[in-house]
Amino acid sequence: MSWLFGKKKKKEISVSQKTEDSTNKSIEKMDQTISLLEKRKKLLEKKMEQETEKAKDFMKKGDKSSAMTCLKRKKQYEVQVQRLDQQIMNNEQMKLTLENAATDIETLKAQQQAAKTMKQVFKETGGIDKVQDVMDEIQDTMATANELGDALAQDLGTGQIIDEGELEDELDMMEQEELDKQMLGMKQTKVPTGPLTKGTATTATASKPVKTAKEVDDELAELEAELNA
């Protein structure tokens, strides 16, 4: 963050488009070279197999000298194959190094772009002092809003003196009236325990016997039988 406080700027690292193109072309060339070496290796391995088969045929015919010549050629091919293996390995290592370099270039470009963007963002905010001024202004505004809210919530008062004792007496009276109503209701709903007379028969409700589950099932069975008849 040295650039925020006016310190000396460091020289920006840049990678030219020419360098990027050259790196990509080199990687492509390495791919082509590796492919060519692998094809050459397969050809020599095939020739090694052919020389082995020829040597076997000559041995079957008893021509040991010709068989030895075939094995010598096979050995020469084998040495070339070993050299090709080493060349392929070297080229693959170089290709990997170039690919890593290309990745590093892209990473560097992305980081430089991010740094520029961050610098522009902080520049537009006006720096740390400007941010602090804004925060102080917000705090002052919030304090003013809280004071205003407290002022609006003050008890205005009506000048009227309320006797809390009278209010408590009124509450007691309301509670007593409610109790009296409950007691009166209990007396009116009480059922007489003596024998029912003609006068009281109209107010008493005869209880009906409760049917058992078996009785209900039997009745349903009878109804089904009637429907099926």
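Note: Cβ is positioned from N, Cα and C throughout, glycine not excepted.
TrEMBL lists 27-148 with the feature coiled coil.
Taken from TrEMBL, the feature compositional bias 'Basic residues' covers 1-11.
The DSSP breakdown of the compositional bias 'Basic and acidic residues' (18-27) into helical (H, G, I), extended (E, B) and coil residues amounts to 10 helix, 0 strand, 0 coil. Feature annotation from TrEMBL assigns compositional bias 'Basic and acidic residues' to 18-27.
Sequence annotations record features per position, and here TrEMBL assigns region 'Disordered' to 1-27 (among others).
According to TrEMBL, the feature region 'Disordered' maps to 189-217 (among others).
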Averaged over the coiled coil (27-148), the pLDDT of the predicted model comes to 90
